[in-house]
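J.: Before I ask anything, here is the structure I am working with.
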Amino acid sequence: MNEHDSSIIENILKKTNLYIITKKPEISDILILNTCSIREKAQEKLFHQLGRWKKLKQKNSKILIAVGGCVAVQEGKKIYKRAKFIDIIFGPQTLHKLPKLLIESNKKKSLIINIKKKSLKKFNYTINKNTNIKKKFSSFVTIMEGCNKYCSFCIVPYTRGKEVSRNNKKIISEIIELSKKGVREITLLGQNVNAYKFSDTFNKKNYSFSDLLYSISEIPRIDRIRFITSHPVEFNNNIIEAYKKIPKLTNFLHLPVQSGSNKILKLMKRGYTIEKYENIVNKIKKIRPKINISSDFIIGFPGETKEDFQKTIYFISKINFDTSYSFIYSKRPRTRASKLEDNVTMEEKKKRLYKVQQKINQQAFQWKRRSTEQIVLVEGISKNNIQELYGRTENNRTVFFEGNPKFIGNFIKLKIISIKYNTFLKGKIISNNYF
């Protein structure tokens, strides 16, 4: 989400025709930091970066420094107390106001804070027919923001606000424009995409997430549809049925389970059991036997015993996850879990995290050995070897292979011939036919 928000910020500033985007802080007049508050480590990175920028501002007092994102909402004026040289604090829902905030900051010469939540106005600045985008063939499209789940470990409802869904027609319009600009693959974004629900008062119809998937599947030249992030509670039969009826939905699903222990899931306030999660996966695998399932895991959650952890390891094997985002539990302010006794030592947390990552890497290795033929969306020329192209498989694996640059932006069939660093794949073109 933050990566996509950063691209929206870039589009907003470009539209003013007042700014040239650069990645070199030393030549910049304005420095913007878009932050994440999911984990404490990410939050501390903010202040490390601000420390580096402070030196630039000491050399040039006219530089404006703006801090946005979820940490901006979470901490507000507290950021200024630790870094009194910053000029603007803005939230994820107010990033569309940034041009005005920059002008105001130049006039006032004092701290400006604008972190109001529950607004979708920033999406007025997404892709349209007049937008120039870099040549790319896969793109993100946000369909909703916020979350109503209030999991005990998660700060998102406090920083992004409650669930708000975009107008389905505006989403479709944005994707149509992306397809006209060469995009072949769409990833739908939201803190809980399954909760998407838009009420069209004019037509007196409610649009669900599955309704949206069917509408997107009808757009020409959009050949792959992905989505993140899903919540098991709202992963209903209509969404499962969509996997049967929409071939464009990739054989890849990111469905966070967080733990393999029902006791821990209850403490996390996740609202489902391991049995319910497994039932969802089994239904999908019955429709799509070759689908790859990815998950999130929080390791060392307060109260997690060795037995709870072993249940997680067992569940990883049972579902056969081949990708995960696994992290050590990070206490976040205002959350219910922050009041629980954190009784797992850091040394033990690190050991458990290593075991989870090793287990999933082993399963990923087995998938790579089995999956000899893949259809790949070719995205460009390798930075490390200009003789090679690179692309991504349905389950989001990067593949490098020798081929003609004319394949870029198209799909081609490859044979996987080797594994590179247990992350990247090496491929060989089966046929020069592309589509």
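Each Cβ is built from the backbone N, Cα and C atoms, and glycine gets one as well.
Summarising the annotation, Swiss-Prot assigns [4Fe-4S] cluster binding site to CYS147, CYS151, CYS154. Annotation comment: Swiss-Prot describes 1-107 as domain 'MTTase N-terminal', evidence class sequence analysis. According to Swiss-Prot, the feature domain 'Radical SAM core' maps to 133-366. Among the features that Swiss-Prot reports, domain 'TRAM' is placed at 367-431, with the record citing sequence analysis.
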J.: With every protein chain in view, how many other Cβ atoms are within 10 Å of the Cβ of CYS147 ([4Fe-4S] cluster binding site)?
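T.: For CYS147 ([4Fe-4S] cluster binding site), the 10 Å Cβ neighbour count is 22.
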J.: Would you mind giving the whole-number mean pLDDT across the domain 'Radical SAM core' (133-366)?
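T.: Averaged over the domain 'Radical SAM core' (133-366), the predicted model reaches a pLDDT of 95.
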J.: For CYS151 ([4Fe-4S] cluster binding site), just count the other CB atoms lying within 10 A of its CB, please.
T.: 21
J.: Using all protein chains in view, find how many other C-beta atoms are within 10 Å of the C-beta of CYS154 ([4Fe-4S] cluster binding site).
T.: 22
J.: Suppose the [4Fe-4S] cluster site is CYS147, CYS151, CYS154. Which further residues of the same chain have a Cβ inside 8 angstroms of that site's Cβ centroid?
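T.: Surrounding the site, in chain order, are LYS149, TYR150, PHE153, ILE155, VAL156, PRO157, GLN191.
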J.: Helix, strand or coil for CYS154 ([4Fe-4S] cluster binding site)? Use DSSP.
T.: coil
J.: According to DSSP, how is the domain 'MTTase N-terminal' (1-107) divided among helix, strand and coil residues?
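T.: Result for the domain 'MTTase N-terminal' (1-107), in helix, strand, coil order: 62 helix, 15 strand, 30 coil.
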J.: With DSSP as the reference, give the number of residues of the domain 'TRAM' (367-431) in helix, strand and coil.
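T.: Once the DSSP states are binned, the domain 'TRAM' (367-431) shows 7 helix, 37 strand, 21 coil.
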